Amino acid sequence: MSSKVIIFDTTLRDGEQALQASLSVKEKLQIALSLEKCGIDIIEVGFPISSPGDFKSVQTISKKIKNSRICSLARCVEKDIEVAGDAMSSSDFFRIHIFLATSTLHMESKLRKNFDEIIDMAVSSVKKALRYTDDVEFSCEDASRTTMDNLCRIVEKLIKAGVKTINIPDTVGYTIPNELSNIIKNLFERVPNIHKSIISVHCHNDLGMAVGNSISAIQAGARQIEGTINGIGERAGNTALEEIIMAIKVREDILGVSTNIVHKEIYRTSQIISQICNMPIPANKAIVGSNAFAHSSGIHQDGVLKNRKNYEIMEPNTIGVKEVKLNLTSRSGRAAVKYYMDKMGYKDDDYDIDELYSAFLKLADKKGQVFDYDLEALAIFSKKQENAEYFYLKFFSVQSISNGLSTASVKLKCGKKVYTESSTTSNGPVDATYQALNKIINFPITLQKFQLVAKGKGKDALGQVDILVKYENRQFHGIGLATDIIESSAQAMINVLNNIWKSQQVNKKLKNLKKY
């Protein structure tokens with residue numbers, strides 16, 4: 001049995017079914033190219049019979065992808081198979097993926113056919129697909145609820161007909177790991193020609209067991225895993241491929257298998273798909289979540305700084321994440337504070353760690369999360385100065401008209417002086433407000449992230465805006481909170497401007513100290 005596990009990605013087919021709006025041809029191509037770069041073996045790019053748009057997407061992607069095998073879905077219908085073959089005809093090598101339900105429930109209530117009819121339909125469709133390609137996969141839909149006798153019977157017939165890959169889907173996410181493992185083991189024990197085909201599994205996550213089921217299937221002999229990046233898909237989603245891939249890599253000692261994946265491309269691919277599909281990745285998502293390599297507990301931070309292996313089972317750069325993330329909160333210890341001071345270039349005798357840590361805890365209790373520039377200010381300035389705000393928004397007004405233009409007027413207090421400015425833009429009221437503010441302060445900043453989160457429900461709910469900007473090769477954060485989205489956006493930018501100003505004052509004081 002091969003020690004290589006084939007990774008079959010269905011983000012563009014099964015994953016897209018979870019989206020509120022279909023992806024454009026250009027967006028699908030961008031995702032497909034990212035998957036190819038990541039080393040995905042099989043990319044299921046669509047269901048071409050479903051719509052002219054899907055046909056065009058499959059056709060376009062087939063012309064561009066060279067290093068991954070293209071695959072399209074088809075029912076056991078001659079026209080489906082013909083259209084799938086035509087859509088991929090420009091590809092040098094492709095797969096047709098046929099499916100048909102095999103469980104008693106589906107046969108009786110959905111298809112209204114007996115099992116002999118199901119076998120005849122399946123075998124006949126495989127023979128038609130083989131006219132277009134020698135790579136045919138067959139999925140026994142709802143296989144996990146199909147009787148073992150029927151499943152063994154149809155699998156044997158399909159392999160005899162020429163199917164190279166037999167897929168065993170847990171279509172409704174009903175199975176638990178030992179059950180799926182037993183199904184795979186039974187197929188190997190009872191189907192005499194089973195070794196002429198690769199056994200695949202396609203698990204859904206309705207009970208949160210998609211990854212666990214897939215791992216158990218590998219241990220039982222399955223050598224293809226189907227899923228999606230970030231686990232997107234109908235209902236509770238599909239097997240998260242990045243989790244399967246890294247489980248195989250990290251626990252190769254137990255599983256004894258490997259993949260063809262370029263691991264350093266995992267994080268980038270995950271981010272691209274999240275952005276294109278407009279599906280944010282939960283912070284606590286395994287492997288690719290923002291907290292996957294973040295540490296907030298003082299004990300954990302100290303342990304990671306001494307040796308990453310204390311609290312990390314894989315190195316962040318393995319999947320393309322640049323560095324470990326230590327969140328500075330009231331739970332952080334001295335080790336994390338010292339780590340950031342060292343990172344900024346300060347030496348131990350530049351500050352008193354006990355005084356700094358005491359001031360840090362008070363600020364962390366107040367702010368929640370502290371950033372490196374906050375620490376720097378605490379180390380240089382007094383507690384009184386730490387709370388000083390140089391910029392204060394005294395007034396703002398926004399007007400948007402039907403031609404798409406927005407005009408913002410702001411009155412900004414800068415120290416003891418007050419300035420008024422206005423700006424008109426076609427990019428919306430938030431951009432107009434930011435441009436008006438920048439006319440006053442004239443900081444060459446670049447907005448890198450803008451995130452709006454509703455705090456509560458209804459018309460009186462608060463909107464929290466979190467922004468991240470780049471100024472002179474350094475990142476600064478800002479948070480604004482108000483019932484009015486424009487106001488919370490403006491306050492977030494004011495927060496950023498004060499953080500930048502505070503950093504500038506630190507630099508000035510450091511320059512003065514160097515003179516003596």
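In case you wondered, yes, glycine gets a Cβ from its N, Cα and C as well.
Feature list (source: Swiss-Prot):
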BINDING   Asp14, His202, His204, Asn238  Mn(2+) binding site
DOMAIN    5-267  domain 'Pyruvate carboxyltransferase'
REGION    392-516  region 'Regulatory domain'
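Location within the structure of each feature annotated in Swiss-Prot.
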{"residue": "Asp14", "record": "Mn(2+) binding site", "Cβ contacts under 8 Å, 6 or more apart": "Glu44, Thr228, Gly233, Glu234, Asn238"}
{"residue": "His202", "record": "Mn(2+) binding site", "Cβ contacts under 8 Å, 6 or more apart": "Phe8, Thr10, Ser139, Asn167, Ile168, Pro169, Asp170, Thr171, Glu226, Gly227, Asn238, Thr239"}
{"residue": "His204", "record": "Mn(2+) binding site", "Cβ contacts under 8 Å, 6 or more apart": "Pro169, Asp170, Thr171, Val172, Gly173, Ala210, Gly233, Glu234, Arg235, Ala236, Gly237, Asn238, Thr239"}
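According to DSSP, Asp14 (Mn(2+) binding site) is assigned to coil rather than to any helix or strand. According to DSSP, Asn238 (Mn(2+) binding site) sits within a strand segment. If you draw a 10 Å sphere around the CB of Asn238 (Mn(2+) binding site), it holds 30 other CB atoms from the protein chains shown. For the region 'Regulatory domain' (392-516), the model's average pLDDT works out to 84.
Cβ atoms within 8 Å of the centroid of the Cβ atoms of Asp14, His202, His204, Asn238 (the Mn(2+) site) belong to the same-chain residues Thr10, Pro169, Thr171, Cys203, Asn205, Ala210, Glu226, Gly227, Thr228, Gly233, Glu234, Gly237, Thr239, site residues excluded.
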